[in-house]
Every structure is written in structure tokens, then in C-alpha cells.
Amino acid sequence: MAKAKFERNKPHVNVGTIGHVDHGKTTLTAAISHVLAKTYGGEAKDFSQIDNAPEERERGITINTSHIEYDTPTRHYAHVDCPGHADYVKNMITGAAQMDGAILVVASTDGPMPQTREHILLSRQVGVPFIIVFMNKCDMVDDAELLELVEMEVRELLSEYDFPGDDLPVIQGSALKALEGEPEWEAKIIELAEALDSYIPEPERDIDKPFLMPIEDVFSISGRGTVVTGRVERGIVRVGDEVEIVGIRTTTKTTCTGVEMFRKLLDEGRAGENCGILLRGTKRDDVERGQVLSKPGSINPHTTFESEVYVLSKEEGGRHTPFFKGYRPQFYFRTTDVTGTIELPEGVEMVMPGDNIKMVVTLICPIAMDEGLRFAIREGGRTVGAGVVAKIIA
């Protein structure tokens, strides 16, 4: 069967549902799918199709996630929903499903619960830029004052984690009633969709960001100079552009004198392409795998950062035993392993396989990094954890 052609005529935005267990994330996902399909066209997905999330592997970690798509008049959305709390933690830390914005689902019958807080904290740590709140099960609360209290509580909680709690959209609705086709509650789903359209800005495309290419290999071509190869992560590099070589050693500047792809000479290399870049006056020994080539000033090398880490369970092929402070694994960034030491939060003595934890990492040599960069933790080439740079310290 031929796949439907992917129409790229609308901006594409990635979103997802987050929130406490049983607050109605999957029901809301189904309600959005149904109401928007009914209103704007498209295919509706049922609760059971979404809830039966297929198992995926991302960097060796088993994650269950459901992906659905829907349209509003101006945008195309890809929406991710996870069945279990552990799946959310893994998903957000590995960046398996990068979110341009999240819909925080809070049952108005319960108010914010422990996982509500944890998902907000994770969103802050992994750099989810925007949150919209959907207060669910409002059909079960008769008291308008109670709804107001829950809304205040959620807004305060978001402000506590540096989200603009006072200004972000909060929609009071009932996912189940909307799914059952009751017009007053369907209207709330449309209101939510309008909030997604207006509150989450259109994401910047990779190609519009400053140029960056992780260096995978280095060759010297006699009579031409040194060529570095890799896949362009973002931006565009053109022949004649000044570039920096960042990470591991002192940052140096050079000029791109040629771009090659599949043995053909090109004028430029773009995000997503594997290419070779010829560097002016750079010696073979001046560059190595693990460094990055970037637009001057766009990224800096760092050694110390706060991170949010998920430690693989034994079943996922991770460690069988906990680790303690003083643990010195390798941290794999983009194309290379760098040894580092860890500092655990106060009062935490050990970390068990299957845990997620905030830790401060100090690398033995600097690596080009931004907040939001993903990494793997490895021991002798085997992945034992996944993490994300939450905050750069030095």
C-alpha cells in the first residue's frame, strides 16, 4: 500500500501530553484527535489505539510511546503520548520525542499531584519551552470556586519552575465528554487547539540555526589539504565561510574552502547532509573526531554542567548494581567518549539501575555544548545511561 504523500504546506509542530497518572492524558489525546478530525478533517484515533503504545528503542532504552498527528487550519501537529510515568522520564531525557510545547493535563478533581510536579521539573530540565494547561474532568466539579483554586495552584506550581504561570493558557474542559460528542465540551478542545496555535511559536527549522557539524573523521588529501567529514546537525556552510573548530583543545578558526558530497563538489552543505569539508591551512593533526565545526561564536566548549540522567535498568542491558559518588564513566557526546566525574545531589548516596537523577558532571576535557544537548553514559562501550545537559556551570 502506498503511503499518503506528506504535505509540507503547513508549519510542523511537535507537542505531547504530560501529567499525573490517570489524570486523562490519553483520553485527551483521543479527544483532540476526534474533535479536530471532525472539525478540520483528518483521521481520528481511538483511545485503545493510542493506549496500546508500541515499544520503541532509543539509544538502547525501551520506551513505549504513541504518536498521532492532527491538523488545525494553520498547522500540522505531531503529538506524543506515553502510557507510563517511566516512559515519560525516558522519553524526555533521551529526547526520543522532542517537544516544541507540552499540554499539562491536571484532573480538576485531584489538583496537582506528585507526577504533575515531576513532569514540570523534567520539562524545565530538558528544555520544553512552552506549557499549556488542560484542566480535565471539569464536568465532575460543580463548584466554580474549587476550579478556580485548582487553576491557581497549577499556575503557582508552574511559576515555581520558572514557567510563566500567570500568563500561560489554562483551558477547563472534559476530555471524556468531548470524546462522547457533547458540544459544550468539544468547544473546549477547539479552544485548546487555538491555544496551541497561538501560544506555541513556530519552531525555528534546523536549517535556519547557526551552522554546526560534529566531526566524525579527518583525512588529508595531498595537494588539497585537510578534509573533515560528518553529518551537518544544523544550519548551512558555504564555500568561503569562516568556521571554528570547537572542543577538546583550544578553539581555532579556519575557512571552508570546499564542500563535497558523494565525491561531487558543492557550494554548500545543509542540515541533515553527510559531507566532507575542506579546511584552509589546517593540519591533519590539528583536528580530531569529537570536535565540532561551527559558525564562529555560536557554541563554546565546557567541562562542568548540571544534567538530568536516566540510568538503564538491568533488563535494558544496563548495570546490575548501583553506582556511588566518585563513579567515573565515559560520557558520549555526538561522536566521542569523554571521561568525567559525577557529583550526586545532597543526601543521595547511591543511584540504582532504573532511576532518574539530577547530577553535576565534570569532564576531563572540554566539549562543545549547549543546554539541551543529549549524551549517553557508557562503560567500556556499553551504554548504561542517558542524559541531557540541563544547565552549564563552567
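Using N, Cα and C of the backbone, Cβ positions are placed for all residues, glycine too.
Going by Swiss-Prot, these are the annotated features:
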- 10-204: domain 'tr-type G' (DOMAIN)
- 19-26: region 'G1' (REGION)
- 19-26, 81-85, 136-139: GTP binding site (BINDING)
- T26: Mg(2+) binding site (BINDING)
- 60-64: region 'G2' (REGION)
- 81-84: region 'G3' (REGION)
- 136-139: region 'G4' (REGION)
Cα-Cα distance linking T26 (Mg(2+) binding site) and C138 (GTP binding site), given in Å to the nearest integer: 16
Rounded distance in angstrom between the Cα atoms of C82 (GTP binding site) and T26 (Mg(2+) binding site): 8
Nonlocal neighbours by CB distance (under 8 Å) for D22 (GTP binding site), same chain, sequence gap 6 or more: A107
Under 8 Å by Cβ from G19 (GTP binding site), counting only residues of that chain that are 6 or more apart: K25, L104, V105, V106, Q115, T116, H119
In the chain carrying H85 (GTP binding site), residues 6 or more apart in sequence that have Cβ under 8 angstroms from it: V21, Q115, E118
Distant-in-sequence neighbours of the region 'G2' (60-64), which means Cβ under 8 A and at least six residues beyond its ends: 53-54, 82-84, 87, 90-91, 94, 96, 310, 312, 315-317, 383, 386
Residue counts (helix, strand, coil, in that order) that DSSP gives for the region 'G1' (19-26): 2 helix, 1 strand, 5 coil
List of residues, in chain order, with Cβ under 8 A from that of T26 (Mg(2+) binding site) and at least 6 apart: T17, F47, I50, D51, S66, D81, P83
For the region 'G2' (60-64), residues assigned helix / strand / coil by DSSP: 0 helix, 4 strand, 1 coil
Model confidence over the region 'G2' (60-64) (mean pLDDT, whole number): 82
Chain residues in Cβ proximity to the region 'G4' (136-139) (below 8 Å; excluding those fewer than six residues from its ends, i.e. six or more beyond): 23-24, 27-28, 105-109, 147, 172-177, 185
C82 (GTP binding site), number of other Cβ atoms within 10 Å: 24
